[in-house]
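Per Swiss-Prot, these features apply:
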- Lys17, Leu18, Ser19, Gly20, Gly60, Arg64, Thr167, Tyr173, Asp176: ATP binding site (BINDING)
- Gly59, Asp79, Leu140, Gly141, Asn142, Pro143, Phe144, Phe145, Thr146, Thr147: UMP binding site (BINDING)
Amino acid sequence: MIFSNNKKLKFKRVIIKLSGEALQGVHKFGIDIIELNRIAKEIKAIFDLGVQIGIVIGGGNIFRGKKLAKFGINKVISDYVGMLSTIMNGLLLCDSMDLVHLSSCLMSSICIDKICEQYSFKKALSLLRRNKVVVFSGGLGNPFFTTDSAACLRAIEMRADIVLKGTKVNGVYSSDPKKSSNSILYKNISYNEVLQKELKVMDLAAFALARDHKLPICIFNINKPNALYYIVTGQKEGTLIR
């Protein structure tokens, strides 16, 4: 699809929450390079419109801390292993973006100076202003916090207009669409309605952070072609929470 670069932007600075599972493609584990490259092109399309982009990346395609904890491994240790998985994903995403001539910087909450930069609020903000894509890895650098919390905190710190959470479904539903044919897809919903209806959007700590700072969240299907383009240009896509 050929995009128009003259489209008026609804959101000029965004934080994309990209789950590890989004990078799996058709696989049950690891990374689907074809899917990774497709996502990089989707990111490039909105970058070319003039959108400033930060990406918080997950690591569930490689490792989930919760799984080891179930087998008796210390939760702190298993969470740190999960954080390392996000750095691996971040490295590959940056390389994929480089292939489409998209300049990026991988930052991490965990210090691994050979392969990524230590997260710095001022440096990250400066990079965004200079039109570099910033990939935030390592979660928050502390156990017991999810990458959803990292996405919301980084969005607040970077003064982003919105968090775009890419999932495998088209948005927020009234019930599980796989279990109920009567499930309704919400196009717009408030923070309070999400809490009252006990809808699964993200973990409560992350969601409360977004609500308290009046940070809009859009839940959308990352596997749907052109979804990012539609969102930043103000077209109806996914579920907008505000």
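Just so it is clear, glycine is given a Cβ too, placed from its N, Cα and C backbone atoms.
Sequence features annotated in Swiss-Prot and their locations in the structure.
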residue : record           : Cβ neighbours (10 Å)
Lys17   : ATP binding site : 29
Ser19   : ATP binding site : 21
Gly59   : UMP binding site : 26
Gly60   : ATP binding site : 21
Leu140  : UMP binding site : 19
Asn142  : UMP binding site : 15
Phe144  : UMP binding site : 11
Thr146  : UMP binding site : 18
Thr167  : ATP binding site : 21
Asp176  : ATP binding site : 10
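The two recorded residues Leu140 (UMP binding site) and Lys17 (ATP binding site) have their Cα atoms spaced 13 Å from each other. Summary of the UMP site environment: with the site residues Gly59, Asp79, Leu140, Gly141, Asn142, Pro143, Phe144, Phe145, Thr146, Thr147 set aside, the chain residues having Cβ atoms within 8 Å of the Cβ mean position are Gly82, Met83, Gly139, Ser149, Ala150.
The binding-site residues shown are Lys17, Ser19, Gly60, Thr167, Asp176; of these, the one with its CA atom nearest the CA of Phe144 (UMP binding site) is Gly60.
Cα of Thr146 (UMP binding site) to Cα of Gly60 (ATP binding site): a distance of 11 Å.
Rounded to a whole number, the distance between the Cα atoms of Gly59 (UMP binding site) and Ser19 (ATP binding site) is 7 Å. When every Cα pair among Gly59, Asp79, Leu140, Gly141, Asn142, Pro143, Phe144, Phe145, Thr146, Thr147 is compared, the largest distance found for this UMP site is 15 Å.
Taken residue by residue with DSSP, Leu140 (UMP binding site) is part of neither helix nor strand, so it is coil. A gap of 31 Å separates the Cα atoms of Asn142 (UMP binding site) and Asp176 (ATP binding site). Summarising the ATP site geometry, the residues cited as binding it (Lys17, Leu18, Ser19, Gly20, Gly60, Arg64, Thr167, Tyr173, Asp176) extend over a maximum Cα to Cα distance of 25 Å.
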